[in-house]
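Asks: Quick one: structure below, then a few questions.
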Amino acid sequence: MEGTSDPYGGHNGSEILPPMQAVVVEAPQPAVVHKVMAQPAQSSASKMKGKVKETFFPDDPFRSFKGQPLKKKCLMAVKYVFPVLEWVPGYSLSLFRSDLIAGLTIASVAIPQGISYAKLADMPPLTGLYSSFVPPLVYTLLGSSRDLAVGPTSITSLIMGSMLQKGVSVSPSAEPTLFLQLALTSTLFAGLLQASLGILRLGFIIDFLSKATLLGFKAGAAIIVSLQELKDLLGIVHFTDEMNLVTVMASVFQHTDEWSWQTILMGACFLVLLLSARHVSMRWPEFFWISACAPLVSIIISTVLIDLFKGQNHNISTIGHLKCGLNHLSWDKLLFDPKYLGLTVKTGLVTGIISLTEGVAVGRTFASIKDYQVDGNKEMMAIGLMNIVGSCTSCYVTTGGFSRSAVNHNAGCKTAMSNVIMALTVMVTLLFLMPLFVYTPNVVLGAIIIVAVIGLIDLPAAYHLWKMDKMDFLVCLCAFIGVIFFSVQQGLAIAVGISIFRVLMQITRPRMIIQGNIKGTDIYRNVLQYEEAQRVPGFLILTVEAPINFANTNYLNERTKRWLEDESFSGNKQTELRFVIFDLSAVPAIDTSGIAFLIDLKKPTEKLGLELVLVNPTGEVMEKIQRANDKHNHFRPDCLYLTIGEAIASLSGEASMATP
């Protein structure tokens, strides 16, 4: 019969030997114990330099500059600031043909969306078209995404309109000039924030807007936007400016005498048309152009119908006369009056972060599809600078919207030149075609907005959150409920607050587990996760899976003491606890409070007659342990082990030798 090995690699000696064979018994070999080493000594300046680099420059954007001659470095620096120079030298006629088709296609989306979204933000329709002209040109020079189509979006339009109206008693209809000044000033602050985050490489700040937060926020905003458009779909003249479900629905039914059956009929017809076009494009992606052209076709058809049947005489409101001409310079309209400064700063910060998050996320999504890289910090600078320029050229907050970028991608764009084609098409519209919109009905613009925001409601993604992570689903649900029942900004604040609270809970209540040995191996794993992992008699193996710092040392201390008390009360002599092993493999960092916790942990263990040992402290942890030892020698070398297996083998040997 063959002998078997015990869990630590030993032999059980049960092999049957042939007769007359001499047995040679070798002396037992002592367990090999590797010394725990500290990381090479570094100066404080070197450590600080490394931490700053990893915090602000994790991608090391200038690594390609190393070893290059000065002339090439200057050229590379110019290309880094202006990514357009990377693809313009190799631009060809075939690329232009693809970009031309894509640019004209997204222009057919940008024109009706620009007019509709400006209306959603309670600003003149021309402002929406202005915002689809200048910002795309700026982004083409500075942006690194080939697929991002720039312009106003429904979310930022809704937030800007609602925040400016709620902040001060300024009516867009009664004081349109003041309201526009506030919007332009908010756009300036949004751009300054975005550009600053990119220049200072602080993009990690926008990571606090998690996917769950944005999912619930967008769904709630889509419902509120759709309900607000009931004003145009029903022909109501006196309608609330509030942005919550209860108030909006109350306003709808309080003004039933203003409902217009002609407006309702036209709105229902074009809503069905737009939804059908959207359904066809989703069902058969090769027909994406149907939904892309549907808004412009709807505007053309409805305008012709109103002109032919004199719809304005049948209670169907229209846009009215729009002046031809390009963007006016507007730096003289920026308003820094202390009375409104707080409002414009707050609005700029919220819209800036939301639009930045959306733009960067959309750019990275399509970059991953086409397998190229998008520099997040470049995108922040590009989006920020285009909003700064936009605030001085009669534009409000713009970014890369998903629906417009999806059309751009599906239309076969190759470079950012498609944004230039779109901008030039909008320019032609501004110069020559504005009189054609005089009879465009507002009800069709409302239908276009509703169909555009429906895509923001993603039920499969919400169901996926529910299946994957209930806490993420709770964040999503709170954002949704907060937006539809309170306000857009309050819903966003609730969701962000819950997300931050969750992060704080993970920091202050880190995961702490008991490990056991998987029989026949030198592997130690969580006894609750692996059924085959068994506790080693006489040992309590604890692992912390987080940094140890001032925020969680009290919790770790209480949790450890509770385990020690449970072990002491078990009363099982065969498994009597003798050693406590603290595995530090998953502890990347520790502060002075954490070191004090490890030192203080020795007191309750020694009081119970136990020995505390530390396993595999990482570089920073080991360095601080050594500094603590320099003064009081809290942790002797024989209390530090490289692996759990070595610690158990060594301590078991010492215990057996000490036993008479």
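Each residue, glycine too, has its Cβ placed from N, Cα and C.
Annotation comment: TrEMBL describes 259-275, 287-306, 380-399, 420-438, 444-466, 473-501 as transmembrane segment. The feature domain 'STAS' is assigned by TrEMBL to 529-651.
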Asks: Count the CB pairs under 8 A between the transmembrane segment (259-275) and each of 380-399, 420-438, 444-466, 473-501, then give me the winner.
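Replies: Ranking 380-399, 420-438, 444-466, 473-501 by Cβ pairs under 8 Å to the transmembrane segment (259-275) puts 444-466 first.
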Asks: Quick check for me: are there 3+ Cβ pairs below 8 Å between the transmembrane segment (444-466) and the transmembrane segment (380-399), leaving out pairs under 6 residues apart?
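Replies: They do not touch: fewer than three Cβ pairs between the two stretches lie under 8 Å.
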Asks: Taking every residue in the domain 'STAS' (529-651), what is their average pLDDT?
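Replies: 87, rounded to a whole number.
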